[in-house]
Amino acid sequence: MAIARAERLVNLVLCLLSTRQYLTAERIRAIVPGYADAATDEAFFRMFERDKTELRDLGVPLEIGRNAGVEGPDGYRIARRDYELGDIDLEPDEAAAVALAARLWDSPQFTGAAHGALIKLRAAGVDVDQDVDVPVEPKVRTSEPAFPPLLAAVQEGRVVEFDYRRPVPVEVRRRTVEPWGVVAWRGRWYLVGHDRDRRAPRCFRLSRIVGEVVASGKAGVVQRPDDVDLLSFVARSEPPAQAVATAKLWVARGRAQGVRRRARHVGEQEYDGVPGDLLEIDLRFPDSAASWIAGFGPDVLVLEPDVLAKTVREKLVGALRGAGVRA
Amino acid sequence: MNASSADRLPRLLALVPYLLARPGIPIDEAAADFEVTPKQLRRDLELLWMCGLPGYGPGDLIDLSFEGETVTVTFDAGMSRPLRLTAAEATALLVALRALAETPGVADKAAVQRAVAKIEAAVGQARPAGVAVGLAMREAPETTLVRDAVSAGVRRGRALHLRYYTPSRDEVTDRVVDPMRVLLVEGRSYLEAWCRIADGVRLFRLDRIDAVDVLDEPAAPPPHAEPTDTSEGLFRPDPSQRTAVLVLEPDARWVAEYYPVDSLTELAEGRARVLMRYADTAWMTRLLLGLGGEVHVEQPAELVEAVARRAEAALRRADHLLAT
């Protein structure tokens, strides 16, 4: 019966770990059980190539070289110091952090890799309990279509090109970027890199990339500057917080709970024959506040400030037009 | 090769050092750690038993001793340590750990930083990979208080009384829930709990909890209360939802990034026609009133009518206010 491929590969790893000498392919064929199954030279080399590829994909550091003073083809060995995970000993609270970290990803790119890391840490003697109780369980998804090609480009150090949509002013333009990193910030993914067209570092929202991301040029071309902190770069690119403005509203009795829960009650008043309450509310984002208030329609009226009342009115007129009614 | 055999080699290489560190471990426990069945783990052990060093005689092969339902490695054939982490594995773990370290209230920051330093030292990856995750949220001070109370309920296993704002119905209701965990997803925090009124698992956004009391009675989610699978996003398409046809002006394009949109057709001048799912007409009407001037509502007719009626009524009342 043919020897299972997994068994052959384990034996190959053990064999190459145990030797200081480089072993030629022919020698490996003679020693390691399983290769004798190959009927021809060609079948053996195909088999051996495939095995080498699989080991390299797993991260097994195969060394290629020739023993001193020996003629002939190159041989193989595995240097134990490159193969073995270094000593690691985690305290229970550190292991709990690792367990939580490994559960962070909801991502085809990272979930499996985090699991693989956990297996190896356990094999190094670390007890990582997956069922540890935590106060908050963070989850991060990487579902943006642009994520996989950008991550690959960052890791390979390749330049990328893509069409990017800017909301204000409205435009879709081709961008050529030297990618430094992909960053999740407040629930959104961004690309940070050097924008070749603008000749400056820029931050791009992945959800605004239109169509395919194309990697171009050679690997290793892009070098991230050492002093770039990706996270703070994205954080700094956010618009600054605006000053808090206080507004005075009339709210129909029993209506607009969403407004009431954030406002202070300052009085009562009847308008248009409808009983209601006078409320004061602190607004942090005046523009989105106008949209939010307009949403409540006739249940909320803006008494002060005038500028907010006007913006709300414009939105309502716009909504009427958008519903096909001429105001 | 099938999918399970792709995982098998890494597991086989990790098994010997794993067992070496835990002499006499029950096979069931080892299987659970590797997330395979005990039957599969036994097959793996049988295979490893056939592997060893050149010579492949009795003294060269990996040797295992079985006692009852436990196993011990008696000869490791030189495989005493696991393979080092790949770049992808180190990245997945270290990026996640750094994210935890920078987020207050998620994990013990000092412990996370110690873990990062130890793992970096062990894997030899000093330079952070080109991936960073910030979990910090923009949070009002009230929400921080809610978070503390909710976390206490989860930790102590107590039921919670919540006063909760439901935007789809624009109502604030009181309810008792059995907390399960606190989730932080896409920049927002949620309490996952068994809701006794809804008779099901629900996610409560912390910034919509207006009041929370930790009760004396224990949290008792029923055994069939399953945690939400977050891998496909928090909100699933629901067949009972309706679909609106909207034309978004460029300024309203963010709607397509923010809400569940099934299809997007590019139109002239940066506009886009989208099909957006929604559960509640009143909620959708509020959204569309707020987007006034930036969205044209094409369908359904009842939604077009609701928006027009509410906008007209609001303008009439505002005019009345001006006149008085």
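Including glycine, each Cβ sits where the backbone N, Cα and C put it.
The annotation domain 'PafC HTH' is assigned in TrEMBL to B:7-120. Marked as domain 'WYL' by TrEMBL: B:148-214. Positions annotated as domain 'WCX' by TrEMBL: B:243-315. Annotated region 'Disordered' per TrEMBL: B:217-236, in sequence order.
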Within the domain 'WCX' (B:243-315), residues counted as helix, strand or coil by DSSP: 36 helix, 24 strand, 13 coil
The domain 'PafC HTH' (B:7-120) - residue tally per DSSP class, helix then strand then coil: 61 helix, 16 strand, 37 coil
Arithmetic mean of per-residue pLDDT over the domain 'WYL' (B:148-214): 90
